[in-house]
Amino acid sequence: MLTPQNGNVSAMPLQEFVLDGFAGDPQTQALLFALFLALYVVAILGNLTMIVVITLDARLHFPMYFFLKNLSFVDLCYSSVIYPKALANFLSSSKVITFAGCATQFFFFSMLVTTEGFLLAVMAYDRFMAICSPLRYPISMCPSVCACLVLGCYCGGSFNSIVQTPLTFTLPFCGSNHIDHFHCDVPPLLKLACADTMTNELVMFGLSGLIIMGTTLVVLVSYGYITVTILRMSSGEGRHKLFSTCGSHMTAVSLFYGTLFVMYAQPGAVESMEQGKVVSVFYTLVIPMLNPLVYSLRNKDVKDALWRLGQKHTAK
């Protein structure tokens, strides 16, 4: 923030930001609060249910559900990094977040979203191995390999966050402290900087593009081989079941990667903040809410596990 000092203008570091969020009168803010709260509660309950069911039911202790449990954990965490503060701001007039709070929120958000991108690629690879190489599957996807793959996903997410966070928050912010968004993110923060942000934009577009394109390629190749394998099956019922499952998975993956690409991996992303807010809602709230339904709760094994847990609870 620019402050006169001894007749000169010097840059003083910002102590806080204001998250402008969505525009509207108090009635509109109340409606948005109710809508976002409902979506957030569904996302929390759905992902918590998946974590508990997969943890407690020994019949679900194999690779696919190990990855799904981690996906639910990541969804649960990164939506919770953003939405408690966003929901409070709908009912608040100040909407203030400290500089340290903003940096912390961004660090964990960036880490978890990137981790989810890698996890989706790993899950596609897991399905490829299970369907296309069923005899090798128990060896190629043994517990130690699965643990290393998940650890690699978290390391990849951490690397992206460690690069992006200091690069963004060491910029001089000496103009307005109003972030035109409902959470701390790179594009709206770059608009507040009073320095050349070309390096930041190139790093964001380059790193995000590399991650999105790399993981998308893994997903497309994996599901391409899966599709060929399914078409060779003699059972029409088996083909229909697998196509239905893979189709729903591809829809969820396309929504996630597509919204991330629009937001971070193309040059116009920094300019359109109104579009960015709507896009952000999809990958920070709608997708975490849908993932348990798409990947797990429609699954017969999960339904059976829920029934067994219900029976145990009733028996007590």
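Placed from the backbone N, Cα and C atoms, the Cβ positions cover glycine too.
Annotation source TrEMBL lists domain 'G-protein coupled receptors family 1 profile' at 46-295. For the domain 'G-protein coupled receptors family 1 profile' (46-295), the model's pLDDT averages out at 87.
Among the features that TrEMBL reports, transmembrane segment is placed at 30-54 (among others). Long-range neighbours of the transmembrane segment (30-54) within the same chain, counting only residues 6 or more positions beyond its ends whose Cβ lies under 8 Å from a Cβ of the stretch, are 22, 24, 60-61, 65-66, 68-69, 72-73, 75-76, 79-80, 83, 86-87, 90-91, 285-286, 288-289, 291-293, 296-297, 302, 305-306, 309.
Sequence-distant neighbours of the transmembrane segment (66-86) (same chain, 6+ residues past either end, Cβ-Cβ under 8 Å): 19, 21, 36, 40, 43-44, 46-48, 50-51, 54-55, 97, 105, 108-109, 112-113, 115-116, 119-120, 122-123, 126, 143, 146, 149-150, 153, 182-183, 284-285, 287-288, 291-292, 295-296. Among the features that TrEMBL reports, transmembrane segment is placed at 66-86 (among others).
The transmembrane segment annotation in TrEMBL covers 106-125 (among others).
Sequence-distant contacts of the transmembrane segment (137-159), counting only residues of its own chain at least 6 positions beyond either end whose CB sits under 8 Å from a CB of the stretch, comprise 63, 66-67, 70, 110-116, 118-119, 122, 126, 129-130, 211. Residues or ranges marked as transmembrane segment by TrEMBL: 137-159 (among others).
Residues annotated as transmembrane segment in TrEMBL: 202-226 (among others).
Look at TrEMBL and you will find 247-266 (among others) tagged as transmembrane segment.
Marked as transmembrane segment by TrEMBL: 278-297 (among others). Within its own chain, the transmembrane segment (278-297) is flanked in space by residues 36, 39-40, 42-43, 46-47, 49-50, 65, 68, 71-72, 75-76, 78-79, 82-83, 109, 113, 181-183, 185, 248-249, 251-252, 255-256, 259-260, 262-263, 303, which lie at least six positions past its ends and keep a Cβ under 8 Å from the stretch.
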In the same chain, who gets a Cβ under 8 Å from the transmembrane segment (202-226) while lying at least 6 residues past its ends?
114, 117-118, 120-121, 124-125, 127-128, 131-132, 156, 160, 163-164, 167, 186-187, 242, 246, 249-250, 253, 257, 260-261, 264-267, 269
